[in-house]
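Presented below is the structure to which this report refers.
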Amino acid sequence: CITDINDCASNPCLNGGTCIDGINSFTCTCVAGYTGDTCETDINDCAPNPCMHGGTCTDGVNSFTCTCVAGYTGDTCDTDINDCDPNPCMNDGTCIDGVNSFTCACAAGYTGDTCDTDIDECASNPCLNGGTCTDGVYSFTCACTAGYTGDTCSTDIDDCASNPCMNGGTCTDGVNNFTCACVAGYTGDTCGTDIDECDSNPCMNGGTCTDGVDQFTCNCADGFTGDRCQNDIDNCASNSCMNGGTCIDGVNSFTCACAAGYTGDTCGIDINECGSNPCMNGGTCMDGVNQFTCNCADGFTGDRCQNDIDNCALNPCNNGGTCTDGSNSFTCNCADGYTGDTCGTDIDECASNTCMNGGTCTDGVNQFTCNCADGFTGDLCQNDIAECASNPCLNGGTCTDGVNSFTCTCAAGYTGDTCGKDIDDCASNPCMHGGTCTDGVNSFSCACADGYTGDICDTDLCLPNPCANSASCSPVVDGYKCICAPGYTGQLCEIDIDECASNPCLNGGTCTDGVNSYTCACEAGYTGDTCGTDINDCDPNPCMNGGTCTDGVNSFTCACVDGYTGDTCGTDINDCNPNPCLNGGTCTDGVNSFTCTCVAGYTGDTCTTDINDCDPNPCMNGGTCTDSVNSFTCACAAGYTGDTCETDINDCDPNPCMNGGTCTDGVNSFTCACAAGYTGDTCEIGNINLLFLIMLNTKNIIDLCD
């Protein structure tokens, strides 16, 4: 007999699960919210992210709780809280709800977050020319200063409009004033005054002035003429003054101012200047016009022959001779060495020819000079010159004297006229291969060029070539130097240079050494000999729709133009989500823009503006219009009716006039033309006497007809 063990005896099902026993097994039926073989696992009700709009989910048992971000509410944060309820926008502003925010579309004339601020239309100083601005709601009023008018005081009032300038004057308008430019002859603010041209007494010399318009006339006294009587009649016109005399006009007379040498009323008499005997020392006088001339006796001169002539005045004595004046003559006392009447002859001191040994004599003033032949000296060239006295022979040479000459016998190793020249032992260029020769006395020494040695520099240090790896051997001081081929170093160029030692490969590149070269294996995203060039991942440009590409290392980033998004700016942003069109408007998406098709009665970019159906005013006859959405209502003035107050109410229907009166309709009024015998606004008053007469006349008429 087999006994089934109750596998549920140990209550293996957790968290309230129900255990169902099996054969060597059990099955747990879990309560809602748990799972697992033993119901040990709490089901994560937050796994499908039930909380919308960024809400935070907190898991419970078979439940979850959403903590919403500001602006949203509801079990799953699906409801946008209406921040426009109650309406925060003042002064008829329209509220547009946002997420945890609102925007007010203000009525004309208001601004601010809640449309609480009346826009100061005076802030822009619209009133010109000093006008004072008074602010209103979406309006302003200008109180203009004197002289200006218009809504903004922009119009200068034309003060010339009334033609204030008289007598043809020209008016120039100013600000609250005018200026008159008067025609000639008139003056005054309005050119109303005729100028008195005689006021300045323009007539001269006793003339009488008669005033006219912009002119005057002078009646001149006797002896004067001219527009202003300014001209004395010229009594000199007949040229009465003779011999160059100057006529001075007087009133009905003239006076002659005579030229020098003449006299008389008309300057007709020549004055005799010789009458006073002006010529001295026997000179003869000759009369002229305003002058005289003296012919002087011999030995005298001057305008009046007053001066004795000085015969020494012209310095007739030459070469320092002294002059003694005589009567119409002179005598010269000559200086030493000169002779003759005027001392002009030099005495020849060389006439005796006193110079010796072939010397040449040169005459001087009261002296002579001997120019000696070569080898002689002295005043008379009497001395033979000793040419060896100055020891002219150098370097131990022996001197032998001659006439105007000497001879040197040189010591060994020297040559030349004065033994001053060392014989040049370097003249034969004994130093080889560019060596420099230094001369000695009967010897030389060689300074060898780099790379050579020996007494005459005949040994080449670079042969054979000691340098390795095709290096060049170059001579240097006291030796040689190896000039290495590219890629090698060392004293003999025996070492291959490691070009990778300086780590030339940038940005993680791997270096491989060569001879005078290296090769870089670059990391991804780099290129170039040294991996120094970042590969331009923006070429060709991967960014679409005008996006700007910024290169990275083996990557790129696109900065999209407004209206696009995505890694390559390939996605057009839906500007209609959320819908910006208010009041039932339909949104059409564009690139970084949208277009709203508004329902009837609204306009504006986002359909925020209720179209004013009252502009222009459809209500006639003074009716007041009240705007609605896509409609209006007219409140008619008294006496009118109809949708647009177009109908004049007939105040005669029913007829208010009594006793047969005739009604004439007016606007919100009527007039009664009363039948005979009645009066009053509605003919309600009867005149008894008049009615009696009417009745009597009516009876008489009836009797006559019978």
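Placement of Cβ uses the backbone N, Cα and C atoms for every residue, glycine included.
According to TrEMBL, the features are:
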{"type": "DOMAIN", "residues": "4-40", "note": "domain 'EGF-like'"}
{"type": "DISULFID", "residues": "C30-C39", "note": "disulfide bond"}
{"type": "DOMAIN", "residues": "42-78", "note": "domain 'EGF-like'"}
{"type": "DOMAIN", "residues": "80-116", "note": "domain 'EGF-like'"}
{"type": "DISULFID", "residues": "C144-C153", "note": "disulfide bond"}
{"type": "DOMAIN", "residues": "156-192", "note": "domain 'EGF-like'"}
{"type": "DISULFID", "residues": "C182-C191", "note": "disulfide bond"}
{"type": "DOMAIN", "residues": "194-230", "note": "domain 'EGF-like'"}
{"type": "DISULFID", "residues": "C220-C229", "note": "disulfide bond"}
{"type": "DISULFID", "residues": "C258-C267", "note": "disulfide bond"}
{"type": "DISULFID", "residues": "C296-C305", "note": "disulfide bond"}
{"type": "DOMAIN", "residues": "346-382", "note": "domain 'EGF-like'"}
{"type": "DOMAIN", "residues": "384-420", "note": "domain 'EGF-like'"}
{"type": "DISULFID", "residues": "C410-C419", "note": "disulfide bond"}
{"type": "DOMAIN", "residues": "422-458", "note": "domain 'EGF-like'"}
{"type": "DISULFID", "residues": "C484-C493", "note": "disulfide bond"}
{"type": "DOMAIN", "residues": "496-532", "note": "domain 'EGF-like'"}
{"type": "DISULFID", "residues": "C522-C531", "note": "disulfide bond"}
{"type": "DOMAIN", "residues": "534-570", "note": "domain 'EGF-like'"}
{"type": "DISULFID", "residues": "C560-C569", "note": "disulfide bond"}
{"type": "DOMAIN", "residues": "572-608", "note": "domain 'EGF-like'"}
{"type": "DOMAIN", "residues": "610-646", "note": "domain 'EGF-like'"}
{"type": "DISULFID", "residues": "C636-C645", "note": "disulfide bond"}
{"type": "DISULFID", "residues": "C674-C683", "note": "disulfide bond"}
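Averaged across the domain 'EGF-like' (610-646), pLDDT in this predicted model comes to 90. Other Cβ atoms within 10 Å of the Cβ of C30 (disulfide bond), summed over all protein chains shown, number 20. Within the set of disulfide-bonded residues C144, C191, C229, C258, C296, the entry lying nearest in space to C493 (disulfide bond) is C144 (CA atoms). The separation of C569 (disulfide bond) from C39 (disulfide bond), Cα to Cα, is 50 Å.
For C419 (disulfide bond), applying a Cβ distance below 8 Å and a minimum sequence separation of six or more within one chain yields C393, L394, N395, G396, G397, C408, C410, A411. Geometry remark: C683 (disulfide bond) versus C636 (disulfide bond), CA distance 30 Å. If you compare Cα positions, C531 (disulfide bond) sits closest to C30 out of the disulfide-bonded residues C30, C220, C229, C258, C674. For C296 (disulfide bond), applying a Cβ distance below 8 Å and a minimum sequence separation of six or more within one chain yields C279, N281, G283, G302, C305. Sequence-distant contacts of C153 (disulfide bond), defined by Cβ-Cβ distance under 8 angstroms and a gap of at least six in the same chain, are C127, L128, N129, G130, G131, C142, C144, T145. A straight line from the CA of C674 (disulfide bond) to the CA of C267 (disulfide bond) spans 125 Å.
Looking at C229 (disulfide bond) and C484 (disulfide bond), their Cα atoms lie 121 Å from each other.
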